[in-house]
Structures are given as structure tokens and as C-alpha cells.
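Working notes, beginning with the structure itself.
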Amino acid sequence: MTMDPPPRSSSSLFDVYLRLRPSNVPNVRFLTVEETEAAHPTHITIKPPTSDNRKRAVERFAFTRVFEEDARQLELLKGTGVVPLIEGVLGARGVGRDGFLATLGVTGSGKSHTILGTKSQRGLTQMAMDILFQSTGTQLVQSFYGAPAFSSLAAADASEAHMFTATAFLDSMYGDNQSERFPSRAQTPMPDCSSFIANGATRSKNIPRPSTLPQNPSVHDIDIPCDPDAEYAIVISMYEVYNDRIYDLLTGNATKKNTNTKRRALLFKSTEASPDRKVVAGLTKIICGSFEEALMILETGLMERKIAGTGSNAVSSRSHGFFCLEVKKRDWERKGPWSSSTLTIVDLAGSERARSAKTAGATLAEAGKINESLMYLGQCMQMQSDNQDGSKNIVPFRQCKLTELLFSNSYPSSNARHHTHHNPQKSIMIVTADPQGDYNATSQILRYSALAREVTVPRIPSVTSTILAGTAFRPTSASGRTTPSAILEELDAANAEIARLSSEIEVFALRLTEETARRKAAEQSWAHAEEHMVDLEAEIRDECFADMEAAVVQERRRWQSAWDEEADNNQAHLDSKIDVVIKATKAQMREQGNVQAYEGSEERVDELERENEMLKARLEALERVDQARSASPIKKMRVLKAKKWTNPDPEASVLRSGLDSD
Ligand SMILES: Nc1ncnc2c1ncn2[C@@H]1O[C@H](COP(=O)(O)OP(=O)(O)OP(=O)(O)O)[C@@H](O)[C@H]1O
């Protein structure tokens, strides 16, 4: 039986390694590493640890390499291709290439141990950082604020990042010139670090001290060549995917007393400066000038990462942690544009079965989201490994943030117009497993992560031969009829057939179980997609409503201004008509010659006012006369009587007397 790990095809994204962890529970071991003539083992078999004899299917898996329980951290660094990954990022010969390193496994299987190490042992992250700083050495730019490279680095960043130097960031977070504690280049403070400033009471308590962090294993013997004509800058950023949202891990929350402040989720998107590649936009990025600075930044970010205890593992990672070591490079002399390659190291949250993890409430919801994202990751990886035989299945990586972050930049951008050259990313996945842990959870992870898989059922020894082996009975042939030996042969053949069929049934049963699990996963993802669609629909409705409202307001404004304009036009039209009428009337009057035409309206106004004044004066005079007459009733009576007597037409008489008094 041969089942070699398939060579890494161009469509394959990952080299997949398996690391076994030493067990501290004396359970039955269900996993066996196959012995090999080659330098390193590559195959394992797993067998269900059950007393039920009907379940005998053995699954065999192939990996790029298997590391057994006694493998040390340094062996893992050197044996998994992390060093070539760093070499690619440094780009000694031209353009660098992005590198990706992740750990995957059941909760408690040793992912964080591998990636981040322990109190006494460094993990792959610290070792990779040490190698990066050691290799760039004197070619590293100065990292203080105001250093010549700072503004060009900040300007060249395509991810709308908030960029700071490690000295300024650490001093504002922890105070007391923390950066002076270790070799650094300058302590020029940066003006705008106020958002990181911690509450004084908590400052010194949380200070990570590089000297207390593990120094082993040492990587001083690993020397990676750099581009001799380049100057380098190392920029660190950290984020986590928690409940399918991306959160910055360098916001300064690690030292703030009140850590309940609502965190702002970041977007994974194309930006103006990066139209062909999606980036996590708006991250805090720190330019580090030394390994010690980088260690302090890493510890600060880790403090921020959400950790919650669960039944499965006392300090279980409840989020997928991303640590990005960005290596920026430009021509030393010409100081041309910066190019950038990133080594992304991911500590995936552990898959677990909620029942066994004794989780509850929010933690149970977290576990649901973690399992869901890992299920999608499994689907993508499976599709990826199915594609190795040349099929062109579409990898469904847009189902959740985790797979989007891991896969979307591995495929050519659909935005061909802006496509710029990027070397394909090189990726390493380290699967961790406890050979005496949870069989079901481990086998599930191995099934979708292994490079190749085979299922066999060991043959049952023939029942009759077993029985007959212990007897002295020998069949004889006396008559021409069926002899006992012929019957026994037939029986043997029948038993062999039964054994073959039951093996097949078992393999089919296993496949059925897997297919059922896949169907359930697909149904779950369908339901999730439906929910997502409902949310999307609501969002689109809201957006449409807002757009509609804005359009109505705009239309109303437009209508109002049209209305006003129309009214103005009408008024102007009316005015011009009146002018025409006035002019026509004046002309007519001039022709008739009986009315004096006034050319200027002011003259006319003056004349009317004068006439008005004159009439007013006449009216006042009449009133005075009237008052004087009414003041003497006797005189009035006499006048009236006289008038009555002398003039039979009293009205004409009153009028004449009024005019006479004028
Ligand atoms: N190879 C190993 N050698 C010795 N101890 C190990 C090894 N792998 C893991 N351990 C120990 O097992 C415990 C759990 O490991 P770790 O926290 O790395 O698990 P994990 O897979 O990251 O879990 P989770 O997903 O819940 O975060 C730790 O105490 C760790 O030190």
C-alpha cells in the first residue's frame, strides 16, 4: 500500500505538518506513527479506541512531515520550512514574498505552545522575530519619530494604518521611558500617542520585561542573507478575529483600567492605495528598531487578546490571533519606493465540542462561532486538497472572516486593471494533535487537513480455518458426491466473502458518517447564508430608504427653486407688461394732449405730493371753519335761520358761504 504525500502542486496552498503533543492523561492511544526508511515519518494511522469490534476501520493520513512527542521547538522551526519562509519575506534576491504560518488543532492540543511558546521556551513567533532582526542587523532603519524614514514609511502604507514608532508607543503606554531599558536608538517622543496613555495606577504592573521572557531556544546559528543594496524596516501589527469580527490588538486597552470600552471592528477591504489586494484597514502599526522592542509590542498585544477559561483548557484562546511581521525594503542609496512583504503568523482558536468544553452563555456562543469558522476553514482546505488532482472547484472562502483573511489574497484579483505583481504566498500549516485525546474531534481535523487519506478495514481471519486449525479433522472423499472438504472450502470462500462485504460495509458506514457530517455542515452554512441574506436585505432596504429620502429632499429643493424661479419670471413678465401699458397710456395721452405727460416718475411724485399737501391744507381750513361755526350754537342757529329766511335753497347757500370764507 503506497500513499505518499502528494507533491505541493501549484494549486495547493499549504505544506501541512503534524505535531504530536505529550499526553498527560493516561488514555488509550488511538494514533500510531508509521515507521519509515526515510529521514522523517510522514504517515500516521488512527483507530477508534473502542471495545466495539464492529468498528475496525483504520484511517491512514499523509503529511509533509510528522513530529513526534519528543520534538523540540527548534526542531520544529528548522523542520517545517519556517526559515525559507523568512528568507522569502526578506527577499534577498529582488521582490520578497508573503509568508503564512498557522497552527490548527483541537483545543489544548498545543497550538499556542507551538506558536507562542511557554514561560521557559520561545515559540515560533519569537524565534522568527529574532531571526528577522538578526538578519537585517545594521541595514535596519532608525525607528524613532522624526527619523528620516518615518514619514516615507507612513506615507507608503496602503492600509490606512495609524503608524507609530515602538519608542513612542511604549513610552506612552507604560511611561517612565520604558524604551530606555533596552537597546534602542532614540527616545524622541511622538506627539499624538494620547489614545494609548494608560491610567497611572495600572502602568507599571503590566509592563512586559524582555529580560524576563525566555531566551531559549537560541537562533544565533541561523543566518539568512539580506539584499545588500537595501535598507529595511520591520513593522508589527496584531489583530484578532473574534465572533467573526476583526479587532486591533494594539489599541492600548492592555494597560487601561477600564477595559470595557466598546471595541471598534475593522474592515478587510481594498483601499485606494491597494486596489488589487484586500488589507485590514485602520490597524495600529509599530515600527520596531530592535528585537526587544518587538517582544514588548508582542507581549502588549497578547495582553489585549481575549482569553477565557473553559472546561477543556484552563487558558484557552477564544479568538484567532494574527501577528503580522511586515518587512519593508527600499534601495539604500536611491531611497526609492518601499516594497513590502509580510510574515503572518496565526494562532487559530481550538475546535471543540461544546458538550465536552462545559462552556456556557457567551463562551458557548464564542465556541459556536469558532467551530463555525473552523468548519468553513475545513471546507476550504478540503476543496483545496481535492483540487490537487486537477479539478477546479471554487474554494468557498467568503463564508467567514477567517477564511476570507486566509484565502482571498491567494487568488488573482478580479480587479485586473490594477493588478500588480505579487509573488504567490507560501503557507505552512502545523496541525497539532494529542494521540490520547479526543478521538472524534482529532480525527475530524486530520480528515480535512491531511494531504492524503486512505481508509482500510483489517481482514478478519477465516472462521472455518480458525476452527479447523485447532482440530485433527481431515475431510475424505469416498463417493462421487460432495465431500466434506469441498463443503469446507465452500464455507471458507463464503466466510471470506462475508468478511470482504463487512469490511466494505464498514468503509461505507464511515463514508456515510462523514457525508452526513458534511451535509449537516452544508445545511448549517446554508442556514447561515440565509440569515446573512436576511440581514443583507434589511441593510439594503435601510440603505435604499435613506437614499430615497435623500432623493426626495433633493427633489423637493429642486422643485422649490424651480417654483421660485417661475414666480420671479412671472413677476418680471408682469412688470414688463405694466411698463408696456404705462408707456402706451402715456403715448396715448400725449397724442390727445389734454393731460400733461410726465417723463420722470420722480417729477410726477413731487407734483402729486405738492397737490396732496395743498388738498390737506384746504381740508384743514374747512375743518377749522366748521369747528368755529359749531363752537357758537346761537350764531349757528342765526346763520341757519338767516339762510333759511333769505334763501330758499339752503344747500347752495351753505356751499357758497364755505367758499366765501376761503
Ligand atoms: N509539545 C508540547 N510539549 C509540552 N507541553 C505541551 C506541548 N503542547 C502543548 N503543551 C501543553 O499543553 C497545554 C495546552 O496547550 P496550548 O495552550 O498550546 O493548547 P492550544 O491548542 O493552544 O489550546 P486552545 O486552542 O484552547 O488555545 C499547555 O499547558 C501547554 O504547555
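Glycine too: its Cβ is placed from the backbone N, Cα and C atoms.
The structure displayed is predicted, hence computed values, not measured ones.
The annotation domain 'Kinesin motor' is assigned in TrEMBL to 13-455. The average pLDDT computed over the domain 'Kinesin motor' (13-455) stands at 78.
What TrEMBL records for GLY105, VAL106, THR107, GLY108, SER109, GLY110, LYS111, SER112 is ATP binding site.
According to TrEMBL, the coiled coil annotation covers 598-625.
Residues or ranges marked as region 'Disordered' by TrEMBL: 643-662.
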Task: Most Cβ neighbours inside 10 Å, all chains, among the binding-site residues GLY105, GLY108, GLY110 - done: GLY105
Open item on the list: Around the C-beta of SER109 (ATP binding site), how many further C-beta atoms are within 10 angstroms, looking at every protein chain?
Closed with: 27
Open item on the list: Return the count of C-beta atoms lying within 10 angstroms of the C-beta of LYS111 (ATP binding site), excluding that atom itself.
Closed with: 27
Task: Other C-beta atoms that fall within 10 angstroms of the C-beta of SER112 (ATP binding site) - done: 25
